[in-house]
Amino acid sequence: MTQEPENPESPVVPEQDPGTGARGNRDATRPDDQWLRDAMHRMLTSNWLVTLLAIVAALVISGVLIAIADEDVREASTYFFARPLDTVSAAWNSVAGAYASLFRGAVFDFQAPTLARAIRPITETMVAATPLIFAALGLGMGFRSGLFNIGAQGQVLMGAAAATYVGITWSLPVVVHVVMAVIAAMVVGGLWAGIAGFLKARTGASEVIVTIMLNWIAIWLVTYLLTTTVLRQGGSRPISPAVGENARLPLLFGEGFRLHWGFLLALGAAALVWWLMERSTIGFKFRAVGANMDAARTAGINVNMIFVFVMVTAGILAGLGGAAQILGTDKTLQAGSAGSIGFDAITVALLGRSRPLGTVLAALLFGALRAGSPLMQTVSNTPIDIVLVIQAVIVLFIAAPPLVRSIFFLPSPDRPRRVKEVAA
Amino acid sequence: MSQLANPRLTPDGLLDEKAMAPVSWRTPIILGVISIVGLLAFVIFTHPGRISRIVVSRSADAIQIGTLHLPSQGSALVLLVVAFGLTGLSFWATLNRRRLGVIPIAFGIVMLFAFLIWAVAGNTGGLPLPLLLSTTITAAVPLVFGALAGVLCERSGIINIAIEGQLLAGAFLCVVVSSATGNPYIGLIAAPIAGALVGLLLAVFSIKYRVDQIIVGVVLNVLVLGLTNYLFSTVLTQNPQGLNNPPRMPSFAIPGLSEIPVIGPALFNQTVIVYVMYVVVAVLQVMLFRSRWGLRVRAVGEHPKAADTVGIKVNRTRYRNVVLGSAIAGFGGSAFVAAALPFTKEVSAGRGYIALAAMILGRWSPTGALAAALLFGFADSLNRVLGNIGSPVPYELLAMLPYLATIFAVAGLVGRIRPPAAEGKPYP
């Protein structure tokens with residue numbers, strides 16, 4: 001999504017051609033409920049509605065998959081023509097059961113015995129969302145600056161490795177240690193992404209290809225370091241020891257909840273990114289390069305410098321995500337510590353339309369899917385992998401608003417509805 | 001050639017130095033540095049008196065050649081002398097503004113042999129050359145098909161990041177269909193259909209809905225990964241005997257050719273997938289660069305407006321190419337499971353991205369893609385073989401090589417690479 005997403009206020013074209021018709025004439029033909037129609041039109045063509053419908057469509061499609069894979073449903077479908085309602089009710093049971101357990105695992109567990117247990121799922125959602133927010137903020141900045149950074153995966157992993165290294169080898173006092181570990185993650189993540197920015201600026205190498213390759217190099221590099229004493233320190237499994245007590249991000253609500261300060265840092269980072277992109281000079285340059293690179297160059301912006309800046313900033317944010325994952329949640333590093341954070345972050349940034357607020361909300365949604373899926377798997381036997389399908393389908397629909405509009409018979413914002421003018 | 005027609009000559013007939021491009025010393029310098037490093041690593045710091053054993057024939061081969069016993073240091077020294085010679089040649093060629101041609105490739109092969117001799121120095125088992133070559137082909141086959149898919153799509157102007165997903169979808173459907181029918185060849189027919197479906201999604205979203213092609217590709221990879229994982233954990237695990245138990249794809253030895261020493265069994269005693277690969281590479285190379293269809297495809301990828309002006313249907317060409325290319329990638333996915341292997345989660349394990357890299361290193365041509373894929377396959381297979389017999393280099397570092405090579409290639413450190421001009425841009 002190299003070009004700016006559509007204007008949030010969808011373009012409602014004035015119903016009158018410019019230069020034709022006198023004002024009085026127009027008012028005379030204007031229906032009384034025009035404001036209502038305008039409001040309806042604006043609502044029906046808004047991006048928020050498309051986003052919402054994309055999520056609904058994705059849940060429906062995944063529901064079909066859940067029903068197909070359910071054994072009861074398939075059993076009932078063998079005598080579908082004798083008793084079709086059996087199939088329908090079995091399908092309903094399996095889908096409703098899966099989504100209900102997903103909700104219980106991600107938002108509010110209404111079957112829990114205590115209040116603390118009941119609200120724990122929503123904090124787990126925030127825990128899962130934290131690294132996604134960080135990484136997706138960086139990716140969103142890239143998308144708005146015309147850079148397609150696929151490399152969050154590698155940047156998260158390298159940041160996580162740097163935080164782990166500082167966390168397990170240095171010994172520092174209480175606050176200093178965690179700050180140093182976080183800074184190390186920012187530096188390494190930023191440098192790792194900076195490679196792609198530098199190569200793009202210096203040689204024109206496509207950042208897409210370079211970041212994909214850097215992802216794999218990061219995975220193999222961390223796997224290698226986990227076999228050496230740099231990150232392993234004894235033991236035979238490729239897993240680092242737990243980071244020191246001082247290097248951990250403090251918990252927000254005590255021992256019962258895993259939610260840590262990383263979440264607040266992520267919200268702070270979102271605010272900072274908003275300020276950077278919308279209110280600062282450098283952010284203006286970022287957006288100018290994204291909107292039209294040639295115009296930006298003509299206007300005197302050093303485009304190559306911007307490439308490096310954007311990539312380094314994105315890498316710093318992704319590195320923070322890695323640090324939050326290790327210092328806040330996991331405590332130990334494995335080659336798979338980054339999981340699919342980097343790739344999920346791409347979908348988060350796309351769903352959030354590269355805006356900080358949207359990114360936070362999208363990260364919370366996908367974090368909820370992550371947090372709720374284990375319970376869904378144990379309670380209703382629906383594998384975690386359905387989450388990937390839901391995510392991918394949501395983003396596919398988001399990326400193609402005309403498709404969503406045609407599925408749900410919504411008016412298109414490109415072809416404005418016109419009020420019939422009475423010929424004078 | 002008239003001298004007057006040459007703009008690089010002054011009216012006096014002398015070479016005008018200012019009018020000529022500056023001489024780039026990059027390649028000779030890189031070769032020189034590698035030679036010096038090689039001399040230090042493979043000769044000077046190698047234990048003298050060690051023997052490198054290289055097993056040339058398998059016991060089943062018709063023509064038997066004994067195991068080679070080479071003195072490690074001496075052989076490496078000879079190879080390094082050749083390498084220095086090639087470096088000198090490249091300096092001479094650069095100075096005289098001649099094309100380097102095959103010098104870097106020859107240099108690479110020489111250094112590779114020097115590395116192999118160093119890597120197996122003192123190893124009692126020796127380097128099993130036939131095994132190395134046959135696993136090279138096995139590892140390269142999905143990469144070749146994936147890279148060909150990339151070539152077909154990108155030559156028509158559509159970036160295909162979804163190769164990974166297409167390989168995975170092909171492997172999945174191949175396993176399910178061949179297990180259900182008990183016939184591996186029906187699975188081979190099903191695999192390209194799965195790839196083509198993924199490709200159709202890619203085409204519809206990027207051509208009709210004009211979504212950024214990289215976004216669609218990345219998301220399709222996630223979608224296929226999620227779908228296959230989900231179906232694997234549900235349908236396939238509920239009925240592993242019926243749906244995840246593919247029969248073995250039989251190998252055929254081509255009479256005569258398969259008895260060539262060393263390379264014969266690796267190249268010509270293979271499954272039908274490998275023979276299809278040879279045919280597809282050859283056909284695509286000829287069709288892309290020697291046929292009317294190929295000219296049109298390349299025109300659409302380079303300058304769609306010009307192509308449209310002369311009456312070529314740009315988007316129809318793109319649809320066809322994406323679907324055809326994705327079908328080829330899907331077919332390649334069947335190579336993951338040809339050896340009667342059951343489907344597992346993420347069986348493609350990132351090979352689609354290496355295929356993308358092979359396509360780039362192969363400069364968007366079928367034979368180039370074949371060569372690059374074979375190189376990556378060789379790196380992969382060497383890594384496994386060295387891991388088995390005891391390697392002096394950590395597995396993880398060797399595994400990075402294809403990715404590093406690609407970064408060097410796209411950054412222009414080893415020659416210029418230019419993608420099709422209109423790739424990634426929707427038309428009109």
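Every residue gets a Cβ built from N, Cα and C, even glycine.
Going by TrEMBL, these are the annotated features:
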TRANSMEM  B:28-47  transmembrane segment
TRANSMEM  B:76-95  transmembrane segment
TRANSMEM  B:102-121  transmembrane segment
TRANSMEM  B:127-151  transmembrane segment
TRANSMEM  B:158-179  transmembrane segment
TRANSMEM  B:185-207  transmembrane segment
TRANSMEM  B:214-232  transmembrane segment
TRANSMEM  B:272-289  transmembrane segment
TRANSMEM  B:322-341  transmembrane segment
TRANSMEM  B:353-376  transmembrane segment
TRANSMEM  B:397-417  transmembrane segment
Query raised in the report: Do the transmembrane segment (B:322-341) and the transmembrane segment (B:185-207) share at least 3 Cβ pairs under 8 Å, sequence separation 6 or more?
Result: yes
Query - Long-range neighbours of the transmembrane segment (B:76-95), counting only residues six or more past its ends (CB under 8 A) - result: 23-25, 27-28, 31-32, 34-35, 38-39, 42-43, 46, 101, 103-104, 106-107, 110-111, 113-114, 117-118
Query raised in the report: Per the definition of 3+ C-beta pairs under 8 A with sequence separation of 6 or more, do the transmembrane segment (B:272-289) and the transmembrane segment (B:102-121) touch?
Result: no
**Report entry** the transmembrane segment (B:353-376) in contact with the transmembrane segment (B:158-179), cutoff 8 A, at least 3 CB pairs, sep 6+
**Finding:** yes
Requested in this report: Take a look at B:28-47, B:102-121, B:127-151, B:158-179, B:185-207 and tell me which one has the most Cβ pairs under 8 Å to the transmembrane segment (B:214-232).
Outcome: B:158-179
Query raised in the report: Other than its close neighbours in sequence, what residues sit by the transmembrane segment (B:185-207), given a CB gap under 8 Å and a spacing of at least six beyond its ends?
Result: 149, 153, 158, 160, 162, 165-167, 169-179, 213, 216-217, 220, 224, 246, 249, 272-273, 315, 318-319, 322-334, 337, 426
Query raised in the report: What stretch, picked from B:102-121, B:127-151, B:158-179, has the most CB pairs under 8 A with the transmembrane segment (B:28-47)?
Result: B:102-121
Report summary line: Per the Cβ under 8 Å criterion, with at least 6 residues separating them from its ends, the transmembrane segment (B:158-179) contacts 142, 145-146, 149-150, 185-195, 197-199, 202-203, 206-207, 213-214, 216-218, 220-221, 223-225, 227-228, 231-232, 236, 242-247, 318, 321-322, 325-326, 329-334, 336-337, 342-343, 346-348, 350-353, 355-356, 423-424
